[in-house]
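Here's the structure we're looking at; comments come further down.
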Amino acid sequence: MLYAGVLLPLSLSDFYHYRVPQELEAKVRVGMRCVVQFGAKRIYVGIIASLSPTLPLGVETHKVKSLGYLPDDAPIISQEEIDSWLWAAHYYMATPGDLLHAALPATLLPESRTEVLIDFEQADSDASLGRTESEVVENLRSITGKGIHFETLLQYIPGRNKLSIFDQLVAHGVLSLKERVRGVEKRIGERWLYLNPKYQSDDALNLLLDAYKRRPARMRLLYRFVELLPDQEHSLSGSVREKELIAGDSNRQNALRYLLSEGVLERSFRQYASTDRPPEYQIDPNLPPLESDRPNYYTAATYSDELERIGAYSAAVLARGGRVLLLLPQSSGLEGDLPSLCSQLKLPVETPLYLYTSSLSDRERASLRYRLTESDAPLIVVGSRMAALLPLEGVELIIVAEEQDPLYKQQEPAPRFNARDLLAYRATKGKIPLLLTSVTPSMETYHNVANDKYAATASQESFTLATFRTIDLDYERTTRRLKTGTLLSLPLREAISETLKKGEKVVLVSARRGYAPYILCQKCGKSIRCLHCDVSLTYHQMENRLTCHYCGYNLSLPPQCPHCGADREELKKVGYGSERIEDELATLYPEEEIVRIDADTTSGKEKRSHIRSALAEGKASLYVGTQMLTHFAPIQGVGLVAVPQLDAMLALPDFRTDELVFALLYRLAVKYPEALMLLQTSDTQRPLFQYLDMPSRELREKYAELVLQERTFFGFPPYERIIQVVVKSTREEDAIETATLLSRHFGSYPGLAHVSASIKPYVSRVRLMYIRQITLKLAPNYSAKQIREALKSILHQVERTSLSARRSRILFDVDPL
């Protein structure tokens, strides 16, 4: 007898075990998908994580259900991936199912309650459907509407290999999930087209073209097909890449559908080839070798230096046929702009680069996973933090650029992992060199370099920084040079005018997006707040709407105060966002073109493309935006960079605030070394500003020494580990009681050096859930495993004895940012 431990996409603390039917014992492998029943009615697709002739202690044989069936002929997940999921689930106090759900696109893991949409028109126009798939489509026509639950759908698919047929229908575009998740292209490879053999003679082809004279779109596509055939003694038996034939033209795509359905052209799938003529990579013989038993860290002088070093190491790997996994914090904005990244990396434009971010559909992401496992072609995968969960087959180098960026830390939902640290674990276990790079390293990286945990090198390139200068807002207000209702002080306005007169450009960095952070009624003194969250709604002038940046709730600007009924004239816009700064600049400089860069102007492919074009053309003279500005290439000709809301950035109640603000200022100073940087602040004596006058090479090291001294004194990371416990409940009294109980119980455990009381966070309600937090500092003389097991044990004890705890969601955020 054989038993399978199955990972399910659910928040379960362990595997669920199933009996492997005798007829599947010869086929089953670890890493395969399997269809199983969970509970009385639910059906899930899971991953086989273990196989054993015996059941774990405590699992009763008579309660073990049989494995359903295996949709794949081979594993789609490696043992290394499963091991890394289990490690991450333990370290980040998540569940293996959380990691499975995050790692695999939804189309690979449909469940019984997933609603599936049916496209009968696509089925009718696709002549390449197999007989079984066509029969299923005909059976589905009897269903009213175009939606069906996955569990019900399986009843219409004959045989045991139901999921394989489901995958084929998704791949053909006949089925899709309600969440608009596209399916997995089971036939992996490039699509190639060739003429049906009966038309591969000149006479037959001419007759066909004559027949299509009244179908000009199809006739033109056939002529184009023949023109693109390789010149092999004028043979018509060759094939053409579908991508090259269509070239992004929707009319050609429609014509192709008809030619395929009519049997004129036929399609085949070929394994992804490296390329007919591999790019020629320039190899730097002076590159220092990278270590594989510990992470490597490179301190870059400038952004171009950092990218060129990344490109140099990547070229060396690609030239020997290897693969590179490159994480970039701004990768989500690169869609459609990979050639420019090749240019910045100093790599040939033909370099095979592939994007893996949340902006892609699940079908696209699933196809890339298959490409990595079914092909050995050299390539670079550029991705966001979710790329840290990709398979590492053939990967010979992992690079995390801008390693200090907070975007690498997952916040919601679970698992709350740090992509940099997860890749450090995977790289060390797999003996794969890991290169971390940054212009402004994190304090954790400084600490690891000092303790010889990282192999470190630094750029010897000489560089300069922008000149820093502060503007004292207290003085500006006292002397009444800063007018009420304006943000830009007199010195800043004068600097902007002088810069524009010289023909140079100006960049202003805002602390927030939107027009105004809140609307305040001058009669009753109350702001318009979100119905679901404990925050004021942000006013966006372009849409004339108030929006919650936590849950998305929005409404039009009301005609009167919702609290006291005062007229709209009493509703005052308070505070500044990037949109309002743009508005003030337009009033002061009506002749100048302004470009705004924030989440509102870069949401969507078209908007991102428009912003990239505006930056590349460089016609505007004024640029305003949030910190997102640092994720774009430097704007040419900038003479002034201003941060008019520095106090708002420094006001966040977090011990890392100064570090993050320093990193932002330093990155801006590196990006625009010839510029003057003006900082508007009411706290000119803050220690941060005393370091900005230092020489460029000393600045970051001296400031890091100051921060690390403070962290040592107060017992903060990297010297002590922190876990934040988050309690959420729809009842505020439950959240308070549960957090109080947990704080008391955690306080009695000696493995914790410090346990805070229950804390009400700055935003204490999000999406109708009341929030309380507890901060835990881990004792250094206890192992991480001991502490995590003890915390889970305490949690289970509290949940058993407290109804409030059972009504609450209790989350652990390890190494919070």
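Glycine is treated like the rest: Cβ placed from N, Cα and C.
Since this is a predicted model, take the numbers as computed values, not measurements.
Annotated features in TrEMBL:
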type: DOMAIN; residues: 6-105; note: domain 'Primosomal protein N' 3' DNA-binding'
type: BINDING; residues: Cys521, Cys524, Cys561, Cys564; note: Zn(2+) 1 binding site
type: DOMAIN; residues: 530-553; note: domain 'PriA DNA helicase Cys-rich region (CRR)'
type: BINDING; residues: Cys530, Cys533, Cys548, Cys551; note: Zn(2+) 2 binding site
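Known features from TrEMBL, placed on the structure.
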| residue | record | DSSP (3 states) |
| --- | --- | --- |
| Cys521 | Zn(2+) 1 binding site | strand |
| Cys530 | Zn(2+) 2 binding site | coil |
| Cys548 | Zn(2+) 2 binding site | coil |
| Cys561 | Zn(2+) 1 binding site | coil |
Close in space but at least six residues away in sequence, with Cβ under 8 Å from that of Cys561 (Zn(2+) 1 binding site), the same-chain residues are Cys521, Lys523, Cys524, Lys526, Ile528, Asp567, Glu570, Leu571
All chains considered, the count of other Cβ atoms within 10 Å of the Cβ of Cys551 (Zn(2+) 2 binding site) is 15
Ordered by sequence, the long-range same-chain Cβ contacts of Cys564 (Zn(2+) 1 binding site) under 8 Å (at least 6 apart) are Cys521, Lys523, Cys524, Lys526
Checking the binding-site residues Cys521, Cys524, Cys530, Cys533, Cys548 for other Cβ atoms within 10 Å of each Cβ, the smallest tally belongs to Cys524
DSSP composition of the domain 'Primosomal protein N' 3' DNA-binding' (6-105), residue counts helix/strand/coil, works out to 27 helix, 25 strand, 48 coil
